[in-house]
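The structure appears below as structure tokens.
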Amino acid sequence: MFPPVSLDVGTAIKTLVLTLDLLGTFVFALSGAVAGVRRRLDLFGVLVLSFVAANSGGIVRDVLIGATPPAAIRDWRYLAASLLAGAMIFFWYPNIRRLRSPVLVFDAAGLALFCVAGAQKALVFGLSPVMAALLGMLTGVGGGVARDVLLSEIPAVLRSDIYAVAALAGAAVLVSGDALGLPGTVSACAGAALCFGLRLAAIKLDWHQPVARAARQAPDDAAAAARRDGR
Amino acid sequence: MFPPVSLDVGTAIKTLVLTLDLLGTFVFALSGAVAGVRRRLDLFGVLVLSFVAANSGGIVRDVLIGATPPAAIRDWRYLAASLLAGAMIFFWYPNIRRLRSPVLVFDAAGLALFCVAGAQKALVFGLSPVMAALLGMLTGVGGGVARDVLLSEIPAVLRSDIYAVAALAGAAVLVSGDALGLPGTVSACAGAALCFGLRLAAIKLDWHQPVARAARQAPDDAAAAARRDGR
Amino acid sequence: MFPPVSLDVGTAIKTLVLTLDLLGTFVFALSGAVAGVRRRLDLFGVLVLSFVAANSGGIVRDVLIGATPPAAIRDWRYLAASLLAGAMIFFWYPNIRRLRSPVLVFDAAGLALFCVAGAQKALVFGLSPVMAALLGMLTGVGGGVARDVLLSEIPAVLRSDIYAVAALAGAAVLVSGDALGLPGTVSACAGAALCFGLRLAAIKLDWHQPVARAARQAPDDAAAAARRDGR
């Protein structure tokens, strides 16, 4: 009945999502660049790590669902946001280092947005709800995994606190809302809020996930096994 | 002439293949979970490693041949088998550890099945026989490679005994049978049996592949080179 | 007017490009095999590293632009060139080791060719100029990155001298020529020549890229950070 208005709302939401998406990209790129500077990579290496940390999750998701070329490669703004973050860290690292706590908050915001947006896109491409939720989680954590693999480390997300779980929870809310027929914006906001809240609470309260009993009870045994495995 | 009967046979074979496929997924997921528990990953990390070890080979194959979204992401049963194996290891690791020898046998069965099924699928998607055999091998060994890369290790398959070679032999039998016009089930069974037999013999008889003469003759030199390379 | 002649020219260029492409594959495969022999991988591992180092860049590019199955998997000659290089290194490593300087020159030639060919293919698949240049660079450096990740090392290209930058410059020349409407062969030759020249100059003159001020000024701090990060 009022298409101009609904168009305006749609445009406003699209602009909001794009803004948040680029902000998430920027923040994740910061994390990649900081890791690169600490390992003393050169300028090129730092920029590559910025791009990889910010965009790998989305790229892998798009390749898996058959949406090639991936958005991060089709739209120059993701590249620009990544390179800007990488250059800022490279040249101003000592000053930015002090901002650790704001960076963690931004990172939680990026994670919240990426998990919701990733699950939404997977649903659009016809994946089942469970897989869409997992791909949403992958969108959120994939960049950090790729960053750590390139730096020859065990991905932090595999052994740290409530990070991937928060992303999965947020994606699950979006997918459930879709299954229940709720409007997309409502479930997207609820999912992002849940992920963001869980992540902040985990940081604040120092929540951790359980480690297998065997490893806990017999640290020497586990260490010996690790040594025997070659490290 | 007897479509109901042939349908029954076809259904029985399909059920058999799916059962074996899921069993292979389960066994490979066990190997990923054990590696994760030894490195003291948390529950989420162990489940991720289970899924990665069981499904990466098939996912990479499907992405390469353009069969997106990959079967492991479209069919929830692969996910369920992976998570079940991961959870079992996480909670009962000390008891399962005693079963090392059965696990090796299951692992050989999983490898035999995956290499044959992977080569078959690549043929269906129109790849040349040589490449189909290699993709069959990749289906078998890819999960283990991804598991080791995530754990920041040199993939075991690159430097251990007759593992990838057994997978390649099994896949080659299937591809040759297809080129000779044999019925698919015959060459599939022959290929899987060859891979399984080779793998068991390699474990039993402790077969190894040759290492380059240079590295054998001059271990100090090779070690020095490795050190010079940065590790 | 003279289609036979233009056909002959086209065929000659195609043959030239294919020859250069296979030569580049061969040289990159040499680098992968040498890395594998130094780490004492077995024959299979060395052959895998040869193939990975020579073809990963192109495979990832083809997957990203949706050109599946990738050329390296569709055309057996890339596989043959890779395996030949791997076998030569495996069996004759002590003799080939002396050829370090020729290998570096061939490697520069391979990089020059791959970056130009990769950018060209990305343009054909409709990517924007900036992304085509980046995918050209990825085609050139991707194989080396995959090789180092499999060997559990930080990719050399992330922290060494003018390597990726040379590839990016070559790809940028090709893309700019395309945007300006120059004939493809001219900009391809100019791009390849620039990349080749930059790379040789970097080797000859020992050029390096800058490292972030923070890491330079406070090596102890950076090392401590690296140690704290778990290495």
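Heads up, the Cβ atoms here are built off N, Cα and C, so glycines get one too.
So that you can see what the record holds, here are the features copied from TrEMBL:
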TRANSMEM  B:12-36  transmembrane segment
DOMAIN    B:19-93  domain 'Glycine transporter'
TRANSMEM  B:43-64  transmembrane segment
TRANSMEM  B:76-93  transmembrane segment
DOMAIN    B:105-175  domain 'Glycine transporter'
TRANSMEM  B:130-150  transmembrane segment
TRANSMEM  B:185-203  transmembrane segment
So, by DSSP, how many helix, strand and coil residues make up the domain 'Glycine transporter' (B:105-175)? 57 helix, 0 strand, 14 coil
The answer for the transmembrane segment (B:43-64), taking Cβ pairs under 8 Å and residues 6+ beyond its ends, is 24-26, 28-33, 35-37, 70-73, 78-79, 81-83, 85-87, 89-90, 114, 118, 121-122, 135, 138-147, 150-151
Determine the mean pLDDT over the domain 'Glycine transporter' (B:19-93), rounding to the nearest whole number. 88
Which residue counts does DSSP give the domain 'Glycine transporter' (B:19-93) for helix, strand and coil? 65 helix, 1 strand, 9 coil
Non-local residues, at least 6 beyond the ends, that sit with Cβ under 8 Å of the transmembrane segment (B:12-36): 45-55, 77-78, 81-86, 88-90, 93, 96-97, 103, 106-107, 109-111, 113-114, 117, 143-144, 147-148, 151, 185
